[in-house]
Amino acid sequence: MKDESTERTEGDESLALRVADGIVSHSKLVILVLLVATAIVGSAAGQVEMSTSTDSFQTETVAADKLDYVNANFGDPDAANRTTVQVVVRNDNVLTRESLLEILAFQRSLAENDSVAATLAAEPSTVSVANVVAIAAVQQDRAAAGRPGGPPPNLTRQIGALESRNAAEVERLVERALSPDADAPTGGQDPLTLLPTHYEPGTASTNATVVVAFQDTGGSDGISEPVSSAQLDMQALAADRFGDDAFVFGVGIVEDETGRSIGDSFAIIGPVALLLVILTLVVAYRDLVDIVLSTLGIGLVLVWMQGFMGWFDIPFGTTLIAVPILLIGLAIDYAIHVFMRHREVRDGTPEPGARDGMVLALGSVGIALVWVTVTTSIGFLSNLVSPLAPLQNFGLVSAAGIVSTLVVFGALIPALKVEVDTLLERVGLNRRKTPFGGDTPVVGRLLSLGAVGAKRAPAVVLVVAVLLSGVGAYGGTQVDTSFDRSDFLTEQPPDWMEELPEPFAPGEYNIRQNAAFLNDNFLQQRDTSRAELLIEGRVTDPGTLDRVVAVRDRAVAGETVITLADDEPRILDPVSTIQAVAAQNETFAATVAAADTDDDGVPDQNLTAVYDGLYRTAPAQARQVVARNSAGEYEALRVQVAIQGGSSVPQVRDEMQAAVEPAQGDGLTATATGQPVLTAIVQDGLLETVVLTLVVTVLAVLAVLVVGYRLFDGYASLGAVTIVPVVLSLAWVLGVMYLLEIPFNAQTALITSLGIGLGVDYSIHMSERFTDELERLGDVDDALTATIDGTGGALLGSAVTTAAGFSTLALAIVPSLQRFGIVIGVAIVFAFVGAVLVLPSILALWGRSVPN
């Protein structure tokens, strides 16, 4: 006997049925056209580049523009073409004769290595505390020979000077060279910046030191392959000489480990995810042909996604790692709904055949798939309102992948299935299969809980769901926002992963703990640890430098400025530079004294003459703090503040913005900038993304559903009903994030668009099926039971597969990916729960209140 829904659908000449009939009737042509389209789109897949840099998160802001100005107008003009590498050496005492000689020998090995030497900047190419002590020894030898001064000695001469002394003599040299009042030439490098912050000046013992190497980047925006390769060679040279007592930290090292960690993560995640997907398909389909067709479709969707990225030159960054897993989950969702509906219309009856059955299946479920595609794409495209480019790219790539999923599983795979099933039935194989859940009592009973609650106490179910959502939403308001670059650094994998066979065993990763050691013990050489306070305008007006002193004093009063072993905060500013140069040059000192009318050591008038004198006497130091234009006019001053490693970037931003206030107004403008400030702006952008995407997604999806259900089903209110459990389940997710102390970061900030985009998928399938069954059966309770029986199994299969796929990210060796996998896995489970347990009660209340 033919199913009533089949009879009803057969007589319905709707647009959906006409489209479905066109696909099935011209299945061979559809297959040919879409395979050619796949080849064209996929031809650009190989052009996608990997990007592990976090610089793409920077936004166009006033602070960013001012940092560009600082980099272009202050300091060494060649500084922008250099990158810094830190080699940390640790042992019981790195200031002994033997240790210092080892460090000098290491520096010489860098200079003698062809690949490293080719990238090193002009002298000094490397700087270490060993240089400080050895140069002091050479100067001592020259003075004893009656030839004081002279050019800086090379490494061979420095090594010879230390080798000619015994341990006690070297110890005395160390104490003198590193005493607070020492003036040892170090190529412009403060010796205390090469020693831990806990080092006591003037002593000959400490447990760590840093060798700084300067590489020439050739003016390229990023780190070139030769520079990155040279840093890896430095790492190998350090390991050969010092073993585990040394590590190398540089941009190339970070990018290498980040790139390898992503590859190693997917070497572990990929097989696990594939196994879970296949296992789910086996349980859901119990048919080899359908499993193969679904797997083929998944592969084609990923080809379309990567091809889109290649055509539009979108790099594959850490934010996009979730997209393939997302599309795999959606592809399985689409496949299960199409295949299960096809089985349902053919189950237990001689008619319809494979082709007619697919027309009925696509005509029935196709509308829901289109709605899901539109609303889910809107959810992800809402990321275009984010101020952060990587999140915008995430939205674009996801939306393109979702549309391709509709094309593949709404046309290509159904056409293929029709051809394959027809061929197999022609040779006598039965292709009529039972839909998932229909013959599985345990699954059926679990899925029926939503219908039972909807029949007995729908209002109670809804009230409980709303109360839980209120608690979750409150927790969500307490979730922190973080853009910590260390989140992108790899942790050392757990011991059990090291036991995995090749090629699954991950490599060794120390970059995260090395970065923590540097942050905790040393002044960082990278721009990420420096705030820049830019003062522009009439900088030659009387009293300007007094205002600079006020800026410096406010900065010093903050809690984030780093203090080295001499208990002095590390701040570079015009006044301290002028005072230091004046202490070394009598002529300039006279100029400064003449401009200091109140004898407080700070010039307060005739500042043009002071700046002129500074440029004549010490041009390199002058360029660090005073900027002049091409006409020679002074237009800006710079105060550079060294920040403690691990400081809260919002706190840095707030303290630096407070510090520049004395230099605001009366002809001056002051801006707090620098990488810590820009990072704080990125954090604000992440929070803005969370809020904006939530508002935009909810309103846009609600508008589409309201209009769509009004046009096609006659009830606009059904659109609002459909989105309610999605919003409720998202609030539950935010509550879990609060309980697990998971912040909004570059990945989890996507939770609003992901949660709504995936959740509305499940809800639409439920609502669409409910309206069909309500029209067919005429009774709300019967319609709910039929909806759960017909759609619940497909939703369960989709949810389990997608949640399992995302949850495999918890096996990643990158902390941010681990947290992201957990959050999205929870979001999918909650979206499913909302659709099958809460939505039936809402539909019951709606169905009983709506006339007819």
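Even glycines carry a Cβ here, placed using N, Cα and C.
Heads up, TrEMBL stuff is auto-annotated, nobody curated it.
Residues or ranges marked as domain 'SSD' by TrEMBL: 307-419, 685-845. Marked as region 'Disordered' by TrEMBL: 177-199. Residues or ranges marked as transmembrane segment in TrEMBL: 29-48, 266-285, 291-312, 319-340, 360-382, 394-416, 457-476, 690-712, 718-740, 794-814, 820-846.
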Integer mean pLDDT for the domain 'SSD' (307-419):
85
Out of 266-285, 291-312, 360-382, 394-416, 457-476, which stretch has the largest tally of CB pairs under 8 angstroms to the transmembrane segment (29-48)?
291-312
Compare 291-312, 360-382, 457-476 by their Cβ pairs under 8 Å to the transmembrane segment (319-340) and return the stretch that comes out on top.
291-312
So how many of the residues in the domain 'SSD' (307-419) end up helix, strand or coil by DSSP?
97 helix, 1 strand, 15 coil
Quickly jot the same-chain residues contacting the transmembrane segment (360-382) by Cβ under 8 Å, restricted to those at least six beyond its ends, or write none.
5-6, 9-10, 12, 14, 16-17, 19-21, 23-24, 330, 333-334, 337-338, 341-342, 344-345, 352, 394-396, 398-399, 402-403, 405-406, 409-410, 414, 692-693, 696-697, 700-701, 704-705, 708, 712, 752-754, 756-758, 760-761, 764-765, 768-769, 772
